[in-house]
Structures are given as C-alpha cells and as structure tokens.
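Single-structure report; data block below.
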Amino acid sequence: MGEIHIFTEQLQLVPALAGGFIFLLGLCSLITKERLFLSETLLSMVYGIIIGPHVLNWMDPATWSSNEYQLTQEFSRYALAIEVMIAGVTLPKKYLLHEWRSVLILLLPIMASMWLVSSAIFKFSFEVPFVQALAIGACIAPTDPVLANAILKGMFAESHVPLRLRNILTAESGANDGLGYPFLFFALYLMRLGGGKAVGTWAYATWAYQVALSIAIGTVAGYVCRKALRYAETAGWVDKSSFLSSSVTLALLLVGVCTIIGTDDILCCFVAGNSFTWDDWFRVETEDAGLQETLNGLISMLFFIYFGTIIPWSSYGSANMLNPWRVVVAVILVMVLRRLPVLMATYKLIPAVRTWQDALFAGWFGPIGVSAIFYAIETIKQLDEHEDSNGGRVGAIVYPIVCAVVFGSVLVHGVTIPLVLMGKRVKTTISVSASSIWNQPNGVSIRNLSTWYKERRQRDGSAPDDSPNVEQLERQSSPVYVGSGAVSPREFALTSALGSGVFQPQVAGTDSGLHTPRCLNGSPGHIVAFDNSNPHLDSTPP
C-alpha cells in the first residue's frame, strides 16, 4: 500500500495560497469593488505581505530561483505586455490619430516633467548625484497600466469619470510604459559614456532602434494579424475561444520577437494592440465577452500578491541612507509633486482634459506599479552587465526605493476613492430631507428638485450644463412622484443612492409598458417619474 505524503514545500503551497485568496475575494467582489470601492490590488498586496517571508513565511520567491531579480522582471514583463496590449485593444477606432495632440503632450513634456521632478526628490532625499537620481526617477516616470486599469474600470469610474478621460489615461498608461526606456537609458549612457558620446548613442541605439523599430513592428504586426483574423473568421476557420484570445497570443509573440532582437517589447505590444483594433472591429466583437476584464483582474491580483512577498523590508535601515523617515518623506513627495502640479498647470493644453476637475483626477491617479519594478531591475541588470563603476549607489538603492514608491502608490490610490466617498457621506447635506419627501402628498416639484440638483453640482465644482431642463419638464410633466417599483413609460429619471440619502439623477431611456428601473448596482431603482399618465408607484419609502 502506497504511503500518503503531504507536501508543504512552497511551490506546492503557492497555487493554494494564491488561488484560494482570489476565489474568496471573488465571492465578495461586488461588495468590495462596487460598494466599498476597495482596490483588489491593495487587498492582494496586503495579503502577499501577510503570507510573505517577513510575516507568516508561507511564500518566499527568493527560494524559487537563484536569481530572484530575473524571475521578477520576467513576471512583470509578461504582465505588462498583456496589459498594454489590452489597453491598445480597448481604445476606440483610430484613437491615437484622433487624440494625437493629447497623447503627445502627455508622453513627452508631461512625462519628462514627472521624470525630472522625481529625480530631484531622490537626489535630495538620498544624497546621490543628479545623473544617478535620473536613473531612479526614470523607473517611476511611466504610469502603470495594471493599476490604471484597476482605477479606470468599474462602477465608480463609469459613473464619475468621463469616457474621454478614461480613454486618454488608458492610452497614456499603455504608451508611456514603453517610453520609459529612453529616459532610463539616457541616464545610464550618461553614467557610462558621459557627454556627447552618450547623447549620440542614446539617439541611435534607443530612439532609432528600440523605440522606432518597435513602433514599426507593432504597427505591421497588428495590421497583418487583424487582416488574418478577419479573413479566418469570415471563412469560418476560427472558434470563439481562439478568437477571443488572439490579442493575448499576439502579445506573447511580440514579447518573444522583440526580446530576441533587443527592441522595446512593451511599446511594441501597445502599438500592436491599437493597430489590431484600428477599425474597431475586434473591440466591438469582444467587448461583451468579459475576457479582457477577467485578465486584468487576474493579472493584477497575482502580481501584487507576488509583490507583497518581495518587498525588501530589511533594506530600509541606516545603510545607503535608506532610513525609514527618508523613504517615507520621499514617497510622500513623489505622490504629491510628481504629477499633480504639472497636470494642473498645463491641462488647458491637453484637449482630452477639459476642466480642472479632469486635471485633478488625472494628476492624482497616475499610479506607479509593475512598470517601475520592471525598470528598476533593468537598471540593476544594465549596471551589472557593464560593470559600471560610475553607477555609484544606484544599484544598491534603486530597487528598495522603487518598491517603497510602488507600495505607497498602491496604498494611497487604493484608499482614495473610499475616503472621498466617506467624506461625502459625512459632510454632504441635501436641501430636501427624505422625511419631507414622503410627507408631501403631491410629491416633490420639478423646480425644487432641479434647483437642488444645480446647487449640488455647483457645490461639487461640476459643470452645470447637464442639469435637468426645468421648463421642458414642467411643460411635459405632471408633479414629480418619488417611490420605487414600476412606472408607466415616457420619461423618468433613475437615481442611484450614494449614501445618506444623497441621490444622483441620471436620465434613463423609454420603452413600452410598465418598466422597473434598476440602479447601477442591480437593485430596484428609486424613481423620479415625469409622466402625464397615472404612474404606478409604491408610496412606501425605500
């Protein structure tokens, strides 16, 4: 009779630990994401810290490979490649052509400003030469597509962030990840070669070969694969699963090809994704499948569980001036100064960022994540390969600093939305209380509701031009009734509760027969009905 063995080695524990957490989180995902607005990446990172080597020691990637840096970089490489491919695919038809000005400003002057500001913070925080600080600053210059997708998807973003703003931030996060290479290698060449030779090498080796060639490869690959897939689909050669996964397999193909020839694989994947859906055919065909959202969530949770286990807590000490207080101050300064001031100062130059509220959101939510880890390890690898004595302390401090900034970004951006909503629930009051609504036999007048809505929009700093047209409603409608249940057709407004009796009217459509609206969370809606016919309303307060 065979013996029974229980394997407790880490490689056997990892699937159980990661899979169990993701499954359990999925069971309450609607609550965490659409009611509490908690970030899955934040929860995953905290879980990784708990099961990591510094707490429970159930998962320690350092024991999996003799080269932990290489393992981490390859994990981050493929996570980024798939994410930027998805970012490119989800953009509308010919998006980069239509929004070229906004994209160009965000990728060149804005990104360069983020690089220089971050570098200055690191120079003064850790007392390194500015050229070395440039290398560290280049690692966190790009905004991260993995964290950006977590912020720009879901009920809160769809309800509060305009689609044009979500699209431009998606395009920026996908494109600037690949453009981190020029900023990083400019600093590395300055350290290695110095002066004019560094600039010349940077021009042809980085811009011409890595950047321009990767753009060309991505454009051609996306076009060819789009035509091939469309032909195969028309001919009936491809099944649904292969059709849906074609963008992911294209990303894997391009990572392999670009790695072999030494070009920018991340930028290539983003360009290929945009070229792949240039005519909007593939995006429209796959937008209801849910595959991209599933991959986004799975990749982000897996990576940040892993990240939580590899944060080098032991590195934060007196050695290399990585005192905890220096690290904390540097992280706070990066969060506040890296992106927000320059966006607020220049948003009028960016067509897709129309208001100061847009600039505030775009400036605050510029997350730092997977791409920063990737470039930090690339910095260490380049310094080691060339045995660069001019690298100074960069090789020793870049990884701990970047990990600290990523930790801060995940934490701060993960709790921002819940804190904002909590503040609104505590501070916001409405001019008409819920009790007074139900005590009025004839309901609430349209003019009172519209006045309240306009005042609230002005108080929040939002554009007033989307408030209800009072005169039109008064001409067409009887008094407003508030309740829940079915109403007769024509015009009604659906409201979704934001907490503490605060409602946000949203104009809904019409159809025939009785209609029971639902809020964004799927629960029966609270109805403000505008109808000349007799509405069927439940007068009981919800």
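Here the Cβ of each residue, glycine as well, is placed from N, Cα and C on the backbone.
Listed in TrEMBL for this protein:
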- 531-542: compositional bias 'Polar residues' (COMPBIAS)
- 27-422: domain 'Cation/H+ exchanger transmembrane' (DOMAIN)
- 455-477: region 'Disordered' (REGION)
- 505-542: region 'Disordered' (REGION)
- 12-30: transmembrane segment (TRANSMEM)
- 37-55: transmembrane segment (TRANSMEM)
- 75-91: transmembrane segment (TRANSMEM)
- 103-122: transmembrane segment (TRANSMEM)
- 207-229: transmembrane segment (TRANSMEM)
- 249-273: transmembrane segment (TRANSMEM)
- 294-313: transmembrane segment (TRANSMEM)
- 325-347: transmembrane segment (TRANSMEM)
- 359-377: transmembrane segment (TRANSMEM)
- 397-421: transmembrane segment (TRANSMEM)
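Pairs of Cβ atoms less than 8 Å apart link the transmembrane segment (325-347) most often to 103-122, out of 12-30, 75-91, 103-122, 249-273. If one looks beyond the transmembrane segment (249-273) by at least 6 residues along the same chain, the residues whose Cβ comes under 8 Å of a Cβ in the stretch are 77-78, 80-82, 84-89, 174-175, 177-181, 209-211, 213-215, 217-219, 221-222, 225, 371, 374. In this chain, the transmembrane segment (12-30) lies out of contact with the transmembrane segment (397-421); the count of Cβ pairs under 8 Å, excluding pairs fewer than 6 apart in sequence, is fewer than 3. The stretches the transmembrane segment (12-30) and the transmembrane segment (75-91) are not in mutual contact, being linked by fewer than three Cβ pairs under 8 Å (pairs 6 or more apart in sequence). Beyond the ends of the transmembrane segment (37-55), by six or more residues, the same chain brings 17, 21, 25, 29, 62, 146-147, 150-151, 154, 156, 297, 300-311, 313-314, 369, 407, 410-411, 413-415, 417-418, 421 to within a C-beta distance below 8 angstroms of the stretch.
Within its own chain, the transmembrane segment (75-91) has Cβ neighbours under 8 Å at 145-146, 148-149, 167, 170-171, 173-174, 177-178, 222, 247-248, 250-252, 254-255, 265-267, 269-277, 282-283, 286-287, 292, 295-296, 299, 302-303, 306, 370-371, 373-374, 377, counting only residues six or more beyond its boundaries.
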